[in-house]
Amino acid sequence: MMLRTCKDVTMRGERVVVRVDFNVPMRDGMVQDDTRVTAAVPTLRYIIEQGPRHVVLISHLGDPTRDADKAEGNAKKDGCPFDRHAFINGKHRLKPVADCLAKKLGVPVHFAPSCVGQREFIEGLPDGSVVLLENVRFHPEETSGDAKVQEQFARELAQYGDIFVNDAFGTAHREHASTVVLPRLMRRRVAGLLIEREVRYLEPMVCNPKVPMVAVVGGAKVSSKIAVLESLLRTSTALIIGGGMAYTFLKAQGVGVGTSLVEDDFIDTARMLLQKAQSGGVSVVLPVDHVCASTFCADAQPVAVDDVHIPMHLMGMDVGPRTLEQYRAHLKGVSSVLWNGPVGVFEFDAFAHGTRVLAQLIAEATDAGATSVVGGGDSIAAVSKFGLASRMSHVSTGGGASLKLFEGKVLPGISCLET
């Protein structure tokens, strides 16, 4: 898909609305990880340099009502007091993000205390001003399932501009007012530089990758990755399956997995996927040895198991050295690598070795000329933890959105933009 971007429209003197993804982790009113803020800077800097009348930024930050309800329920269960107002102020207000963005852009970022009713405030600012509106999800209309309610809310937002730029890849799979309805009400609707880059790297991986291609799919559950696996079986030369989901596949082959995480309801699904792979000539790489533990905790004693079968009293926590050698063999000389999900409990240092070596092998393949794409929150956290993000061709900013693309799905927040 060739998208029109912010570089394809004239912005001088225009009112520009940008949907960004500033859904960042917050603690006590402080930004804990500014990766998504940093990712938006190239697009915003480019737009500012074009001399627009103003730039209005729209974002969400968590889901205030749902998050507060959950936290309040947990507090009641534990018999603890709960201050709903303080909770929302500490985790869902975008003012700290405006301050963070101002430092990165090197220009003032004005903050509007609401996302509606701000036209007079915005138009009273000097030309070229940048304004961040308050959390769009403070208004339930944003996520309403009622099309008329969403459109009415989107019309409120449409008053702020003539050109819509979507640079919020992380929400592109959501059919929300600010991502899908709003752009249809604007004179021009184009992609930001971040979305353009995401589509440029991710779409070929699932539609027409350079071969040989190796897909690495990990994480805890088969149930959350069925559509991804089915999609990748159509394009991959080899499929490496690791993490907790690997034990469901091993059990489907009659392998003993001890007390490892298994989704018994999906064993037949795992068998079906293995049969599809065999019919399609796709090599499936499952663990042949393991690093195990008797309990699931950070200080558990690692136990090496040099066999595909796991003893009854142990659970798999990471892959072993023979499995890593198989990874090395399959990744040597590849043209494309897609990685979604860790192959072990990398959050625990004692069980991080497999995921660390995998990341290193993918980095080496990239150095040798392969195109590598990393998508999914845990994989992104892993390459960042091991200091290897800069050696990947592309590290996606979208968890759910990248997963939907890997499934071969159309993203509504992108399909509504100009091509």
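The backbone N, Cα and C atoms fix where each Cβ goes, glycine too.
Now, the feature entries from Swiss-Prot:
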BINDING   D21, F22, N23, R36, H60, L61, G62, D63, R137, R174  substrate binding site
BINDING   K225, G316, E347, G376, G377, D378, S379  ATP binding site
Check each residue in the chain of S379 (ATP binding site) that is at least six apart in sequence and keep those whose C-beta is under 8 Å from its C-beta; list them in sequence order.
G218, W339, N340, G341, P342
Tell me which of the binding-site residues H60, R137, K225 sits in the most Cβ-dense spot, judged by other Cβ atoms within 10 Å.
H60
What is the total of other Cβ atoms whose distance to the Cβ of G376 (ATP binding site) is within 10 Å?
24
To see if you understand the setup: which same-chain residues, six or more apart in sequence, place their Cβ under 8 Å from that of G62 (substrate binding site)?
N23, M26, K91, H92, N135, R137
In three-state terms from DSSP, label R137 (substrate binding site) for me.
helix
Local Cβ density at D378 (ATP binding site) - other Cβ atoms counted within 10 Å:
17
Report the largest Cα to Cα distance, in Å and rounded to a whole number, among the residues D21, F22, N23, R36, H60, L61, G62, D63, R137, R174 that the record lists as binding substrate.
18
So of D21, E347, which of the binding-site residues has the fewest other Cβ atoms within 10 Å around its own Cβ?
E347
DSSP-derived class (H/G/I helix, E/B strand, else coil) of G376 (ATP binding site):
coil
Nearest-integer angstrom distance between the alpha carbons (Cα) of E347 (ATP binding site) and H60 (substrate binding site):
28
Please report the Cα separation of D21 (substrate binding site) and K225 (ATP binding site) in Å, rounded to an integer.
24
Using Cα coordinates, what distance in whole Å links K225 (ATP binding site) and H60 (substrate binding site)?
26
Most crowded position, judged by CB atoms within 10 A, among N23, G316 as binding-site residues:
G316
